[in-house]
Amino acid sequence: MNLRLLTLALAAVAAASPVDIQERQLSGGNELRDGSCKPITFIFARASTEPGLLGISTGPAVCNGLKMAKAGQVACQGVGPKYTADLASNALPENTSPAAIQEAQDLFQQAVTKCPDTQIVAGGYSQGTAVMDDSIKRLPDNVKEKIKGVVLFGYTRNAQEHGQIANFPKDKVKVYCAVGDMVCDGTLIVGPAHFTYLGNTGEATQFLLGKLSASSSSSSSSGSSDTSSASTSAAADSSSSSSSSSSPFGNLGNLFGGL
């Protein structure tokens, strides 16, 4: 791979994808570390050479979409500064650096420890997809369970991982690979198709919102079921107690199957 050409290409897409001042301010990027707990935590790893913690393209777009849909309920956290989003790390065995993988794992762990009631959604773009893949598959089960959905744009490990994240539910992952994006075919060849994913951020946001909604509905149903079971159990205990008190043999009748 020609790293110089890749650098020029990524610089060009950065210049072609401006984010206005209001959007930059809305995006934040270090809100898990520095802010208060929110019902939803979005953790994102940017593409190579993108500045900031969320980057300047797909990361802020999804963050802002979540915040507009769930006003006041979302904390957005980018992976960095140990994840430097340098070009050379793409050529490493895991397609990113060990430091980046560990930092992402630490952020997921921090979200669960600091904010035990938060629901986590995540995403990555280009090298950032490798950061997500390599970190999530190594997490303990109790942390994975808190992650409700993951969106991956230009998945650099798509071929190696067969379009999913190892050791993680496939239905929680949405991969966006544009036609002609050779990065998704297991190469490090970057062409124009790799810079088209802003057009997928609206759909990706809806995917994450759907996973959050499904999780909330499941929790509500579980709570209702538990309440109903408790009520039924209490009623049965009350009935049993009433029957026992009216019998001269108390609970002895139960020893014979109610005969």
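Along the chain as shown, the residues are counted starting at 1.
Cβ from N, Cα, C; glycine included.
Between Cys37 and the candidates Cys115, Cys177, Cys184, Swiss-Prot records a disulfide bond only with Cys115. Within 10 Å of Gln127 (site 'Transition state stabilizer'), counting CA to CA, the recorded positions Cys37, Ser48, Cys63, Cys76 contribute Ser48. When the recorded positions Ser48, Asp181, Cys184 are compared by Cα distance to Ser126 (active site, nucleophile), the shortest distance belongs to Ser48. When each of the recorded positions Ser48, Ser126, Gln127 is scored by how many other Cβ atoms sit within 10 Å of its Cβ, Ser48 comes out lowest. Its Cβ taken as reference, Cys76 (disulfide bond) is surrounded by 27 other Cβ atoms within 10 Å in the chains shown.
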